[in-house]
Structure formats: structure tokens, C-alpha cells
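Written below as C-alpha cells is the structure these notes are about.
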Amino acid sequence: MSGFGGFLLRRTAGAVVTLLAISVIVYVVFYVTPGNVAQITCGPRCSPEQVHQVAEQLKLGDPLYLRYWHFLQGLFVGQDFSTGTSVEHCAAPCLGQSYQTDQQVLDIILAKLPVSVSLVVGAMVLWLLLGIGTGVLSAWRRGRVSERVLTAVTLAGTATPVFVIGLVLMIVVCGQLRLLPFPQYVNFTDDPEQWAWNLLLPWLSLALIEAAAFARLTRASMLETLAEDHIRTFRAYGVAERSVVGRHALRGALAPVIALNANNVGSAVGGAVLTETLFGLPGIGQELVHAVKVVDLPVVVGMVLVTGFFVVLANAVADVLYAVADRRVVLA
Amino acid sequence: MSEALAVVETAGTGTSVPAVSGARQFWRRLRAQRAALVAAAVVALLVLVALAAPLLTALEGQDPTTYHPTLIDSARGGVPIGSFGGVSADHWLGVEPQTGRDMFARLVYGARVSLGVALAATVVQVAIGVAVGVAAALGNRWVDQLLSRITDIIVSMPLMIMSLALLAIVPSSFPRPVLVTLVIGLIAWGTIAKIVRAQTLSLKGLDYVSAARLSGWGTWRIARRELLPGLAAPVITYAALLVPANISVEAALSFLGVGVKPPTPSWGQMLTAADVWYQAAPQYLLLPAGALFVTVLALTVLGDGVRTALDPRAASRLRVGTGRKAATGTGTAAGHATEKEASA
């Protein structure tokens, strides 16, 4: 058990180091760009006084390591911003100030987060159900026509960009058949039914693509488990095939699938950016694309750090889950 | 896939396999897979179209950037005049809404951008990945620790988010396709570095490498002469799967409006406004979407075929002639296991 505790500690330390490294890279890349950083950060409509103030705020006169230290301090203990007339406090974790919108970056992200979380979590439920279901089914029906059809469909699924499938779904379902309204985000707390109804298509678009990868992995993992001795024993004892496949084999096959799910958070976040932009959902993905287009650097930096945090967290959880499932990993 | 493998199976069973060189064996195994062959033909055709884009458009008598205001109905918001989005003898696939630019020309020039960016990005990824992976495996403990930690960090960066962010800060004067190539290449080399490091470590322990070291060869010479050939199979396998992934990323970035910018045509970019025009000009949506789908699918199937042809474990099973069930199942499982081992 001490081995497992040590592993947990090492993995956590690794995650923290990774996050710090990401913050260094992001900070250096963004604030050491050629050109007038204060002018870019402040936006094109800033007066020279405002630009001067931003330069002071970002401590552009200081050497780089001091500036980064200042940034890090903001993250952990918060910092104060003077807006010229008044001093505004930015509580920890302070991601800085968007001078273009006069809002704190954290507030912008928090305002958009529910949309993105709704989208990703809902889609995740769908893709796990669809992906694992399809994978089990095609492992069970192997050699039959239905398995070939499923294999072809999942292959096509992995080859389709999420915005293409979303675009086609939107045009067919909303435009031609008029089965669903063009999605408009409704708060869950306002009207749960409308919330789900409007998110159905975005969920489906994101889930179909991810489900394809899960179906392929589940199928491969199921086939491997089904070839093992204990499954043969179950069969020899006359356990019903449905129960052999659906219960005993599935249990053995799920470990890599669960690990993939956490590892896939990064690509799901990327997919969410596309889905939000396509359907016009006001989540952090859409906000990031907007911030990139208008070069609102503090918002971009904040977004990268927040999404990086989630991805690193998910990866660490995946590794720990995998180690729980297979203790040999701990020794490696 | 399973059909293709069945073909390998019948070809492989019964006959004793003569010893052939690696490359020839690879071609033979690839040729035996029908799906991979079809995919290879499609990919070859696409590359040809991309290379011959100026020729093809000259044949049509059009170019991808000229506006044709006379071919669109400005009273109806810029809808192309004529059926199917203005298909005619002059404009084989119609014209773009609002601008009247030739669709065929934009599509074939778009193939250049898609394939060019994806292939070049793959080259960058492979170059960095192999260099870092080999250096980590051959260097001393500190070099290995440092490079492995850097690789871990690179792997845990969300590709889409980082690309978006990096594209924000580079001045727009920088040539956009080159920039997209560099961004994808510089962010997504982590997995290949991990695979290469794991493979190099296992090769390093083999007798022929020890023999080379004992006969006084330098590290550089060993790496080049003894290790790189052994790395070819896993690197080619993974690179073949990187190409379609890179195509999707480029298309996604251009779709979001931060990748390749007009007037350079790109399939992803063409889809940005497609949902507005699907009724008046359906080919404006269907052509780039179809092109993307076919290209990524063909490259994925080809990549799967390459993996089957190169994976010694799957291949040996095929040769021994165990049931087809075992062979198809482990094709993917083995690949996944390699990645897991590499990341553990």
C-alpha cells in the first residue's frame, strides 16, 4: 500500500509541476511577443495614458522573472488593479484583467463555464453509453453482418470532423425536418426541459465523434477479455452468453476504456470549442475564439490556464484510476 | 478491415513464407489488404489533384481568387445564378455565394492547403519526436528526466486550445499556412516522442546494439546505423495516423476563422458560412464536407493498413494462421497496448 501512496504522491507532484510549467510557457510566449505588449493587451482603442497604465499594471519595466512572479502571486493570493480613478481588488485565483472589456478574466470564464460544462458532461454521458454499447455489441456479434456495419459506421465516425457532423445534423434536423429548434442556450436553473431540448443536438454532434473512438477501443478490449481463460470457464459452466458478454467480460474490459475517457478530456475540450462556435452556444470555447480574434491576451492566457488545469487534472485521475485497475503500473 | 484481414489470412495460411527484406514484406502485407489498397489509391489521387491544381484549373479556365459578380444574384443576397449553385460548362462545380469565385478551383487548391499543411506538420512532429525520444533514451539520467518531463507537459496540453492561443499572437503578416503547420507541429509531438523513447530503450538492450558499443562505435553512429532502422516501424505507423488527425485540426482551425485566411482557399474555411447557404447552394456545403470526409477516411484506413502490415505481433499471428478472430482483435489492442506502455 505504501507503494500506492508513493505513486499517488508522485503523480500529484507531477501534475503540479506540469501546471506550473504550462503557466511559465504560456506567460513567456504571450507576454514576450514582439511588439508593444501593453498596446496589444489594452486593445486598439486605448489612449496613450491607458496603455501606460496597463504597462505599469503588468510591470513591463521589471525583468521577466519578476513579472512572472507577480503573475503567480496574483494566482495564489490575489492582487490589486488601479483603474485610474479607483483601485479594484482581484481576489485569488486572480487571472488578471481584460482591459478590452473592463472585466476580470476569472469573472468572464465563470460566467461562461456552465454552458461548457453542460455541453461536455451531457455529451460525455451520451458518448460513453453509445460508445461502450456499440463496442460490446460489435464484439458480441463478431463475424456477422451487423458487426461489419458497426465497424464501418464507427470508422466513418472517427474520420468525420465534429463541425462537419454538427453542420449536417443542424441543417437536416433543424433546417429541413424542423424537429428541433436551432439551439439557443437556456439556463438549467431556468428551465431544465428547454435546457436539455436545446442542447440535444450539440450533445449528439460532440458525442457521435467521441463515441466512435470508444466503440473501437471497447470492441478491441472486449475481444481480448473474451479470449481469456476465466471467460472460457464461465462458458463451460453454462453461464448464459448474454451474461458472459454483458457482465463478466465487460467488467474486465472497462479499465482501458475508463482511462481513455479521462485522457480524452483534452480532445473533448477542443471538440467543445468547435461545437459551441457552430451552434452559437455562449461557452468558454466561443469566448476563447472571440478573444483570439480580437487579441485579448489576458483572456486567452486565462482560458489556456483554466482548460490546461482541467486536462491535467483529468490525466492525473486517469493514471490513478488505471493504477487502481492494474497495480503493475505502480511499480513502473 | 476484417474483410481485408481475411484476405491476408487466406494468402498467408498454408504457404511457407520465404524470408524477404523488410520493405518488400511490408508492401506484400499492405497489398494483401483490399481496403488499404483502395484507400491508398484514393490518397494517391488526392495528392495528384493537389499537385496538379494549377493544371486542372487551367483546363477549366478558372482560378480560385477571381470574383465573378455577374454570376451571383445580388438582389437575393448573393445567391449563385443557375441550378446547383451555378454549375455550368465554365464552372464545373458552380460558384461560391456572395463572391462568385469558382468552386472547383477553390476545392482543388484547398486540397493543396489541407494535404500540404498536414504532411508538413507531420514531418515537424516526427522530426522533433524522434530527436527528443532518442536523446531521452540514450542520454544520461538527467537528460532523460528533463526531456521526459518536457514531453509529459507537451502531451498534457490541449492541442486545439494551444493552437488557438498561439495563432492569436503571431502577426497576420506571417504566411498563414506555414504558421498553422508550425503550430500543429510544435504542439503535438509528445506521443511520438514517448513511443520512440520506449522503443529505443528496448532496442538499446538488444545484443546487436551492445555488440556495436563493444566494438567502439560512438553514440551518434549507433543511433544512426543501429537504432533508427528499428524505429522505422513504430514511427511510420504512428505518423500514418497523425496525417488524418492533422488534416482535421487544420480544417477545424480554419473553420473557426483563425487558421488559413482568405483569399487562400481551405476546406475548413469554406464550411464557415456553409450553413447559411445550404438551400441556395448545397454544393457549397457538400463539396468541402465531402472532400474532408473522404480524405480523412482514406488516410485513416491507409494508416490502419500500414499498422497491420508493420505490427510484428499481428503479422506473426497472421503467418502462423491462428483464427481470424485473434488477428483482428489484437490489431487495435496491440497498438493501444504500445501506447499505454509508452505512457506508463
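Positions of Cβ are set from backbone N, Cα and C atoms, glycine also.
Feature annotation from TrEMBL assigns transmembrane segment to B:35-56 (among others).
The annotation domain 'ABC transmembrane type-1' is assigned in TrEMBL to B:111-303.
Annotation comment: TrEMBL describes B:113-138 (among others) as transmembrane segment.
For B:150-171 (among others), the entry in TrEMBL reads transmembrane segment. Counting residues 6+ beyond its ends, the transmembrane segment (B:150-171) has Cβ neighbours under 8 Å at 132-133, 136, 179-180, 183-184, 187-191, 193-194, 197, 249, 252-253, 256, 258-259, 343 in the same chain.
For B:177-196 (among others), the entry in TrEMBL reads transmembrane segment. Sequence-distant neighbours of the transmembrane segment (B:177-196) (same chain, 6+ residues past either end, Cβ-Cβ under 8 Å): 113, 116-117, 120-126, 128-130, 132-134, 136-137, 147, 151-152, 154-155, 157, 159, 162-163, 166-167, 170, 231, 234-235, 238-239, 242, 245-246, 249-250, 253-254, 259-260, 264, 338-339, 342-343.
Among the features that TrEMBL reports, transmembrane segment is placed at B:227-247 (among others).
The list of residues near the transmembrane segment (B:284-303) in space but at least 6 beyond its ends in sequence, with Cβ under 8 angstroms from a Cβ of it, reads 1, 35-36, 38-40, 42-43, 46, 85, 93-94, 96-97, 103, 107, 110-111, 114-115, 237, 240-241, 243-244, 247-248, 251, 267-268, 270-271, 273-275, 277-278. According to TrEMBL, the feature transmembrane segment maps to B:284-303 (among others).
The region 'Disordered' annotation in TrEMBL covers B:321-344.
Residues or ranges marked as compositional bias 'Low complexity' by TrEMBL: B:321-336.
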Residues of the parent chain within Cβ reach of the transmembrane segment (B:113-138), under 8 Å, 6 or more residues beyond its termini: 46-47, 50, 144, 147-148, 150-151, 177, 180-182, 184-186, 188-197, 199-201, 204, 219, 223, 227-228, 231, 235, 239, 242-244, 246-247, 250-251, 260, 264-267, 291-292, 295
